[in-house]
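Enquirer: Before I ask anything, here is the structure I am working with.
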Amino acid sequence: MADALRVCALYPELMNIYADRGNLALLQKRCGWRGLGFELSGAGLDDPLDPDAHDLFYIGGGQDRDQALCAEDLATVKRDALHAAAATGKVIFAVCGGYQLLGHAYELGGERLPGVGLVDLETVREDGPRLIGNVAIEVDLGGLPRVLAGFENHGGRTRLGASERPLGRVLAGHGNDGRSGFEGVRGGPKGTVVGTYLHGPLLPKNSWFSDWLTATALGRDASELSSLDDRLEDAAHQAARRAAGL
Ligand code: GLN
C-alpha cells in the first residue's frame, strides 16, 4: 500500500462551514494512528491542480456567495485536472455547497453558477424552506448496507440525472430535495466521485466511511487498513443516529 494519503483541499478558506475541515482532521488522525503518512495541500482560486499529485480531492460546504466565487474557477481552471483524477479512480469528495458544484449547474435567483460536470446532477434554489435537520441515510458501497448519520442545512434542491446513483437512501431527514428519497451522489467513471449534504462535519461521526474514502483513494479495500480502537467514534455515530431518530 502507498505509505501516504495525499489530500488536496479545494478552496479551504472559502468552502468550510459547519467546521467541515474537521473531515480533514479526522482523515489525518486515522492515517497517523495507522502509521500511514498524510500530506495536505490546498488549492485556492486560480491555483492550477495536478491530478497525479493527490489521492483525494476535498471540497467542503459553503455559503451561496462563496460558491459563486469558486464555481467559475472550478469549471475552468480546475475542470480538466478533476476529470483526469476521476478517470483514474482518485476520490473526489464534496460536502453540501461543494457537492452542489459537482454537476452541471447551481441555479439561484436567476443566476446559473456553472458546475464542474463530474456527475449528472443539477441544483436549484427554489422557493420554500431550507432543508435543515439531523439526517440518516442507508449506504451500500458494495458490502453490507451501512448508515451514515449527520446534519443537513441547504436551500438548494438537487436532482440526479436518470442514470446517476445516489450515495444513499434517506432513512430520516430531507436528503437531496426533500422528495426523491435520495441523498448525495456516487458516480464518475470509477464510482469515486462522492457528494453529500451531510456535514457538521461528517467523518468523525462515521469513521467507517472515512476508512472507505481512504482505502479507495489508495486503490485498496477498506479491509486492508489496520483496525483501530473506534469506541469513541462508534459512540459519536450512535449519538448522531439517535439525533436523527433512528
Ligand atoms: N449555499 C448552499 C445552500 O444553501 C449550500 C449551503 C451549505 O453548504 N450548507 O443550498
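Glycine is no exception: its Cβ is also placed from the backbone N, Cα and C atoms.
The structure displayed is predicted, hence computed values, not measured ones.
Annotated domain 'CobB/CobQ-like glutamine amidotransferase' per TrEMBL: 6-206, in sequence order. According to TrEMBL, the feature active site, nucleophile maps to Cys96. Annotation source TrEMBL lists substrate binding site at Arg130. For His199, the entry in TrEMBL reads active site.
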Enquirer: Cα of Arg130 (substrate binding site) to Cα of the residue listed as 'active site': how many Å, rounded?
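Expert: The Cα atom of Arg130 (substrate binding site) is 15 Å away from the Cα atom of the residue listed as 'active site'.
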Enquirer: For a quick check of understanding: among the recorded positions Arg130, His199, which residue's Cβ has the most other Cβ atoms within 10 Å?
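Expert: The most densely surrounded of these recorded positions is His199.
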Enquirer: DSSP secondary structure for Arg130 (substrate binding site), reduced to helix/strand/coil, please.
Expert: coil
Enquirer: Does DSSP put the residue listed as 'active site' in a helix, in a strand, or in coil?
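Expert: Once the DSSP labels are grouped into three classes, the residue listed as 'active site' ends up as strand.
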Enquirer: Quick check for the class: what is the C-alpha distance, in angstrom and rounded, between Cys96 (active site, nucleophile) and His199 (active site)?
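Expert: Cys96 (active site, nucleophile) to His199 (active site), Cα-Cα distance: 7 Å.
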Enquirer: With H, G and I counted as helix, E and B as strand and the rest as coil, say where DSSP puts Cys96 (active site, nucleophile).
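Expert: In three-state terms, Cys96 (active site, nucleophile) counts as coil.
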Enquirer: Considering every residue in the domain 'CobB/CobQ-like glutamine amidotransferase' (6-206), what is the mean pLDDT value?
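Expert: Averaged over the domain 'CobB/CobQ-like glutamine amidotransferase' (6-206), the predicted model reaches a pLDDT of 97.
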Enquirer: Across all the protein chains here, work out how many other Cβ atoms are within 10 Å of the Cβ of the residue listed as 'active site, nucleophile'.
Expert: 29
